[in-house]
Every structure is written in structure tokens, then in C-alpha cells.
Amino acid sequence: MTTTEAPSALSFECETGNYHTFCPISCVAWLYQKIEDSFFLVIGTKTCGYFLQNAMGVMIFAEPRYAMAELEEGDISAQLNDFAELKRLCTQIKRDRNPSVIVWIGTCTTEIIKMDLEGLAPKLEAEIGIPIVVARANGLDYAFTQGEDTVLAAMPARCPEAATSEADQQERTNAIQRLLQFGKSPAAEQQPASSKHPPLILFGSVPDPVATQLTIELAKQGITVSGWLPAKRYTELPVIAEGSYAIGLNPFLSRTATTLMRRRKCKVIGAPFPIGPDGSRAWIEKICSVLEIEPQGLAEREAQVWDSIEDYRQLVEGKQVFFMGDNLWEISLARFLVRCGMRCPEIGIPYLDRRYLGAELAMLEATCQSMGVPLPRLVEKPDNYNQLQRIEALQPDLVITGMAHANPLEARGISTKWSVEFTFAQIHGFGNARAILELVTRPLRRNLALGTLGGSQWVSEAVTSR
């Protein structure tokens, strides 16, 4: 893996607290929409079903492409035949929806009762004739967004090692190019000719507009994206040959990166993630460096974006932001916000893979030094009680936290922002830097508006009276 060692100047701690995050089975919310010909079957209890129903807000009559296989007492006491029950459900799914793949999502309960999903899946797959992918997205071992990591880590084994024919290879290579040229006139500005370079796979689930933007940015450098993991359709999974290059888009995909390296012999590129203009430039430059391509116009592109968000930078400059830790985006967001002029005393994060995040950690340290602000304290698996004491002492201008702690902090007069909003928003690439700052500054702009109306005095009096 081409990466950067974690710098020693940063302070790393582990408080061994519990995961205070969304359940990782919530990855179904975006993955079932991303993989259009899939069906997700979550195998769990009523609690899992209630969570999915409430968290996703999709009514059952909308016929979403996911469902619950609800475990009962007979399953837990081994009185029922797991294979027969799952076969009945999957046969019904095949008859009603006919997906190209069924993804079984394991939960805490399947982990506790040691249900052998990996052993059952191949037998059932052979009987019903539909691929079955098993992902253990349980909340005992994984945090919020790591559910996506478990699903994507199971996908490389299903990717072809080589195109079935030369025509198929040409079809896969030109698919994205046809998408980019759709609706353009012949007189439209032409992109530089693609350089001859090894195959490049991008892994990480992002909305289609973001995927298009990143593909265009790479095409400007003469780089062709060979495929995406996950693909829009299971039948279009990318060819992953030995020696292919792969680079992640999200900081919580360390298991997927490891699988690509060990199982498919890919060369995983370690780079800062494309968050903010600084991260987007570093991400593209690292790809160009590995592929031995001279980057063109990135400094100008970055400067242009910084100019366009200057109004938001003035709002956050000098402010202090505290990350409690929820979705593993904390380090990338902190690095971008420090570059915007904020100070960050502490970054809490549920899980920290220093190898996969090595380049991001190095850039965080360099950014803090260039901006002349103290290095943040990084706390893995933070203890929320201790964190609340530190927040009380620091009194930061903004706390980015999970939903469970937002209202209690607001009641104490501390402005908060839900971290889950960054998970579902479009935040990658040059074009979405403004969207990040719009989310971050919303509580700050609200406070300014309340101050203008005299509302801040009412809030402070209410807090003091408590």
C-alpha cells in the first residue's frame, strides 16, 4: 500500500469507551439505492426492524429493495432450521423482485447466536441461482459507517479477474466516457487524451453526481477510471486484475482496502480524502504521482474554490470546533475546517486505522502547523462522560456530535451539529466544499440571527436559571 506513516507529533489516546453511534446496518439506507439491482436482507430482531423503519423513513408500501428476516425464539434456541427459513425468504424475494444479488446483513443477534451465514449462503446460492453476499454489519464490532466497509469488503471476491472478451473490455472501459459525453455537442470542450496507465479502481459509495464530478476531474488529468466499487449494478462490477491500482473515497473503508491488497493483489494508493479543495487537490495529485502523470491546473482550481467560499471562511475563522466521534469522517473534516481558520482541540473517533489514514493524518498535522494552531488531541473510542467534562471546560463554539448528545449539549448552551448530516450530504470534491461549510455554519448563523433579535439573551438566561 502506498501510504504515509502516521506522524508522531500527533497525540493518540484510546479511552475504550462504548460505541455511541448509529447502528452500522444503516448502511442499507444508501447502498440499496446505489446498487440498483440488489436486494438487502437484514437478519435480526424486531429492534433492528424498528430502527430501519424509523431511520430510513421509507414506508413498506413503497416496496423498497430491502427487508427484515426477523429472528424468533425458535431461531435463537435452534429449534428452527435456519437454511429452510432463509431459503423460503430468498425464494420469495427472487419471485417478487428478481434481483441480480441478495446481500445478507448480519446483526448483533446473528453474531451472538453464531449463525453460520457464510456456510449457508453458498448452498442456498446454488439452489436458487442468485448470488448471495454476506456482510456482518453488527454493532458489536463496527461503528456507524463501517457497515458499508463490511459490504464492500465482500464484493472483491465477486469481481471478475479479466474481461470475458475484448469487446467486453472495450464496453467496460468506454461506459463512463459515454456517460460524460451525454448531451454534449461536438463543439464542446474536449478533455485531454487519456494516458496509458494501469487500471484504476475507485472504491466507496458516493452519490451519482459526485461520482461524475470526480471522474471528470480525473479525466482532465488524462486519467481513466476503470471501475467503481460498488458499481451501479451488481452485473457491472469492475474487473480487478493483479497489479491494478485502487484508491478509497471514504475514511472508513480500511477493511475493503486490506481485502483488495491481500485477496486481489491490488496496489492501494494512500492519499488524503477528497474533502475540501485542499484534500481534493492532494487526492488527485497523489493519483497522478503514482501513475507518473504530470498534474495540470490543480493549484488554480484550488485557489478558485477558496475564493468562492471566502464568505463562509470569515464566519468560521477563529472559532473552535470539537468532534465527539460518530461516523469516522472526523479527521478529514477537522483538517478542512482547520484550513478554513478554525481551531480543533480534540477529535474523537470510534475507530482509527493509522495505516489507512496515514496520509490524512500527515496532512492534518501539516495543516495545523501551516495555520499556526495547536495540534488536536485524537481520542479513539472516547468515553462520553469524560468528553462532556472536557467540553464543559473548553466551551467550544461548535460540537459535531451524534444525535444522542445534541439536545443535552444544546440545553447547556453549546451549539451542535449532527454528524449524520455529513454522512448523507454530498461532501466530496472541489464542487462540494461550500456544502460542508453550509452545514458547519448553520448553527453559527442561527446564533448570529438570534443575537440580532436579542434571542441570545433569552437563551443564556434560560441556561443560567437551570
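Cβ atoms are placed via backbone N, Cα and C, with glycine included.
The [4Fe-4S] cluster binding site feature in Swiss-Prot is assigned to Cys23, Cys48, Cys108; the stated evidence is sequence analysis. Secondary structure from DSSP puts Cys108 ([4Fe-4S] cluster binding site) in a helix.
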Other C-beta atoms within 10 angstroms of the C-beta of Cys108 ([4Fe-4S] cluster binding site) total 20
Apart from Cys23, Cys48, Cys108, which residues in this chain have a Cβ no more than 8 Å from the mean position of the Cβ atoms of those residues at the [4Fe-4S] cluster site?
Pro24, Ile25, Gly44, Thr45, Thr47, Phe51, Thr107, Thr109, Asn138, Gly139
